[in-house]
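Asker: Here's a structure for you.
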């Protein structure tokens, strides 16, 4: 619809022109042309499957993969699924929530230190945050299994200092699962947070302390509000995959720690109960979206992108 | 007095280093196990130092085939997702058109959707469409969840770019294509490269979505998953460590090159 | 200005640009003679940059035409116009070195051997030896000169400069003003210079157009505009003025008589923009002189009595604020040449001026007096 140049607002001289320089008619169809392949891909392989999954969640639960399914609008699938698996549901949000708090406690100082304190080591430290992701997710989680194992050094140490009883263990407990969740998704929290904190003008902090704010007050009144966009994005990027995860529970926990992801996984791949799996998937997704949008509204930043 | 002030200034760095230690702990374990001769098939304890695993990383041909397949899938998915995503980012950053906000939601949603849901829904699509699961369904799935990340990464770079540079190029006799080739593309390229690397790592490491849509095709994460049940060959750790090392070197090299160039450009302190 | 247009003149005809409800440029008619140094002067948001962008082709006019000689370039894409721009923040390509930045336009026009031209241009802007530096390594002044060389090397018919010195500090700006003027004289290309800095416009330009709210208020040589402004806006935007509200009460030979607050003043009709009805009588603060008593006022001078309410010593001059008998204030700048006595706050004095230094402007009925604000810098001393 217009020439490619985007006009930035210069020093107030440029009258507020919402759109780039107008060349009407010149590129009217270009943006649509550019968007078409990607949007079509997303539509075909993301939207359509979701709609189909929605339909599948309303299939007659009596059908099976071999006998075929009938769309009977059985909304009963939802309450039935919820009734059968509400502990796993609750556990998903509970574990992800605790992991989020732990990740914030670790991630915020890390992001802050890299952005504001690391000086010339900034880039190296940033690489160090991303680096663990270069090793396979599964391998890292399996490594935690080794670290937390009953005859590993960590359990031995904790038993020696009596933080764990003589028969106490870490592996196959909720602690291990939460630890795994925290670990696996921590970089997703740190990176956006870092981006936000890096843009933070150090002079603002100096101005704040010049205006009689204690370090704590400066943090609460200046640093934290200004890092909000990164905090919001990071929290979402952490919370969404953590809630839907099932590998940590599978590898580090026992069926007692199973989250909703494990149930959905087995519904699709083991029990082959598609209607129930679909209903659970949708419940999970709508629960997450509800949390996300509620959170976004409160955080006051809608433009996470 | 001095010490407390120093502590006040630096405790954050201390915490940061501890957290980094936490992040690297499992990597250290993986690296250590890559030099281990396990006492038994299901044992993950360090038994005896050996270089055998590194000398002979393809102990099981199954595993190496899986690695190769993952690289192929990652490459294909990266190329397609990077092209589609970059083109979309350009349209979003440079043009005003109807339906922008709807499109933004379409791009945001895959990132806000649990992988599990994407995996299951795609499975439902493929099964009901009678599409045989395998290599190509994995590629399709990977492109789908990579595209959004590419769009976001490239768009950030594009919107951060000074639009006057393009105007200046046009003013200096560069037509639309020349402006794109000589100015826009070189300046956005770092963003595109970053997006491609991100896409590859997402694809290479993906387990959840792949697990639902792979049929009998085995990627590296799938192989690890399967092997975890019956005892992992130590060579898996070799692959993990090697991947880590290669990626780390790659990133450090580009970052050093970048820094050398930036350092050469830094003007003497006023 | 030259009534007949030559082949290289830049002409704007009824040029209009609206952004939604906002009219940035309104019915602009303007001729910039070939080879002149032309300044578009105005406050932020007056439409001067938009005008420039329309000439460059970066903005498409809503109405009107842009002509270069007889050639209509209104719809031409920017890269098809023999017009180049020095951008406000220079817009140097960060990934190209100085040489490649300067060579950019030549290369795009398919010129193979650019080496000689680029080097010659770099030495014109005194940047020899900087070929392989990147923009980030250069100081503000050097970046500015690269931007200038990058545009000039193409020998455009018209060079547009968008606040090119805005990012530089005062001293450097002065030096670059002279340098720009030197270069313009040397290359003989038409320069159209957009600025909000009246001093900059007056130092460099042959012709200044004062723009306000999308229109040109006055156009002419700097001295002409300064000495005889056409509107109250020009009188107060370009330098400072005391404007006294009054009414034309008659004529006397070559003079107009103005009554203000019961006192009659005369102004030569040649210095009047209005010959009847409500008017503003304008006198520049530096054209006013002070005397201790009415008896000391030279014959033929007009005068106003008052008492000094404020006095600022600013080095080259002393600025006084004078409360007149009718209650408004006048600003008076007295050069500290040692020839005049100094006055203290509270003293009664007589301000007087040569009527040939006054000017008369039309006035809206409800318009009141305006006094030049006091400034803590030696205003008027630099030109």
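Just so you know, glycine gets a Cβ as well, placed from its N, Cα and C.
Unlike curated records, TrEMBL annotations are generated automatically.
Keep in mind the model is a prediction, meaning the values are calculated, not measured.
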Asker: When TrEMBL marks a stretch as transmembrane segment, which of A:201-221, A:222-242 is it?
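Answerer: Checking TrEMBL against the ranges A:201-221, A:222-242, the transmembrane segment one is A:222-242.
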Asker: Which residue range, A:93-112, A:253-272, is the one TrEMBL calls transmembrane segment?
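Answerer: Feature transmembrane segment in TrEMBL: residues A:93-112.
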Asker: Pick from A:146-170, A:171-195: which range does TrEMBL record as transmembrane segment?
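Answerer: It is A:171-195 that TrEMBL describes as transmembrane segment.
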Asker: Is the transmembrane segment (A:278-296) close to the transmembrane segment (A:32-55), in the sense of at least 3 CB pairs under 8 angstroms with a sequence gap of 6 or more?
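Answerer: With 3 or more qualifying Cβ pairs, these stretches touch.
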Asker: Which range out of A:124-143, A:171-195, A:278-296 gives the transmembrane segment (A:93-112) the most CB pairs under 8 Å?
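Answerer: Comparing A:124-143, A:171-195, A:278-296: A:171-195 has the most Cβ pairs near the transmembrane segment (A:93-112).
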Asker: Other than its close neighbours in sequence, what residues sit by the transmembrane segment (A:278-296), given a CB gap under 8 Å and a spacing of at least six beyond its ends?
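Answerer: For the transmembrane segment (A:278-296), the nonlocal Cβ contacts are 53-54, 56-57, 59, 77-78, 80-82, 85, 89, 92-93, 232, 235-236, 239-240, 243-244, 260-261, 263-264, 267, 302, 304.
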